[in-house]
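One structure is given here, and the rest of the page talks about it.
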Amino acid sequence: MTNIRKTHPLIKIINYSFIDLPTPSNISTWWNFGSLLGLCLTIQILTGLFLAMHYTSDTMTAFSSVTHICRDVNYGWLIRYMHANGASMFFICLFIHVGRGSYYGSYSYFETWNIGVILLFMVMATAFMGYVLPWGQMSFWGATVITNLLSAIPYIGTTLVEWIWGGFSVDKATLTRFFAFHFILPFIITALVTVHLLFLHETGSNNPSGLISDSDKIPFHPYYTIKDILGAFLLIMVLMTLVLFSPDLLGDPDNYTPANPLSTPPHIKPEWYFLFAYAILRSIPNKLGGVLALVFSILILMLFPLLHLAKQRSMMFRPLSQCMFWILVADLLTLTWIGGQPVEYPFTIIGQLASIMYFTIILLVLPTVNLIENKLLKW
């Protein structure tokens, strides 16, 4: 009798995606973060669903409904902080996942890479709208400042902002629609993740050497299922340590003050995972220029396949490119730090230099280094 997992219409899809999938034998721990992102998405959808059962998206009651969840709902505090810190874990995994793709040249799978960039945009949009929901001071002012950036778009800007707000300021209509979008987007993300995997399985996984690995493939199960389970345990351990010992470590104290349109917080800043983009936005004195730089700082990822001029795919055997890659990582960490600092000397100038460096390394330095390496290797 033929094995059911290979014949059943539904089970065979799972089989050829997670069980009998031929996988390169040498993929490292950096390849664990795809499955960890799946775990993060699952945690976020489940905790979010339970939070939505008790949350009310009304300006009068939103803040108190979150307080009610933390105080009166059974393990509400746990669900709320798992959701808030789960977002941080999600972004840590996302940044590592994108970094790994950049380092090992995974962007040469165009469709997989471009869908990944779209997914990154969607997760960022979802996280931004979720941050508005508790209706604290930073929620309100963050929403006001970021949505207001669209007014920089010539001609239609102001109309567009008022259309998104549903009025002349961030108010009840804005909160209600943000809740609706925050609820639906993760399911759209899940659908896109399926497409992301579909395209990945068309080509098979990349590996650290960047070489074709068809001659040396092993089944995904049990080798990589056990490896992914270990990664999942470690992620849950880090998340629960954060949730149970210092749940507010990555949050903003201002968000424990109910939203007040009449009082602006001294320093408006987003969550830590947006700070690098926020620093780039603030580095440009012109409003429209800042918005374009902000969007392009993420959109630039789509240019990676075009900017790859090296004859080798991976950076594994290219020490000069490795050096530039880690300088870029250090630059992004600098931007993250600057994004959380007030707009004053010396932070402004450091931010401007780091922003120029970010775009220069990606658009100019890395492609040039690629050509130098080709020359050195006599290719």
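Each Cβ is built from the backbone N, Cα and C atoms, and glycine gets one as well.
Model, not experiment: these values are computed from the prediction.
Annotation comment: Swiss-Prot describes 33-53, 77-98, 113-133, 178-198, 226-246, 288-308, 320-340, 347-367 as transmembrane segment. Here Swiss-Prot flags HIS83, HIS182 as heme b b562 binding site. Under the heading heme b b566 binding site, Swiss-Prot lists HIS97, HIS196, citing similarity to another entry as support. Residues or ranges marked as ubiquinone binding site by Swiss-Prot: HIS201.
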For HIS97 (heme b b566 binding site), the nonlocal same-chain Cβ neighbours (under 8 Å, six or more residues apart) come out as PHE33, GLY34, LEU37, GLY116
Within the same chain, the residues at least 6 apart in sequence whose Cβ is under 8 angstroms from that of HIS201 (ubiquinone binding site) are TYR16, SER17, LEU21
HIS83 (heme b b562 binding site) and HIS196 (heme b b566 binding site), compared by Cα position, are separated in whole Å by 24
Q) With pairs closer than 6 in sequence left out, are the transmembrane segment (33-53) and the transmembrane segment (178-198) joined by 3 or more CB pairs under 8 Å? A) yes
Ask   = Do the transmembrane segment (33-53) and the transmembrane segment (347-367) come together with 3 or more C-beta pairs under 8 Å, pairs six or more apart in sequence?
value = no
All chains considered, the count of other Cβ atoms within 10 Å of the Cβ of HIS83 (heme b b562 binding site) is 21
CA pair HIS182 (heme b b562 binding site) / HIS196 (heme b b566 binding site), Å rounded to integer, equals 21
Outside the transmembrane segment (347-367), at least 6 residues beyond either end, the same-chain residues with a Cβ under 8 Å of its Cβ set are 279-280, 282-284, 293, 296-297, 300, 303, 307-309, 321, 324-325, 327-328, 331-332, 334-335, 338-339, 341
HIS97 (heme b b566 binding site) falls, by DSSP collapsed to helix, strand or coil, into helix
Neighbouring CB atoms within 10 angstroms of the CB of HIS182 (heme b b562 binding site), all protein chains considered, total 21
Other C-beta atoms within 10 angstroms of the C-beta of HIS196 (heme b b566 binding site) total 21
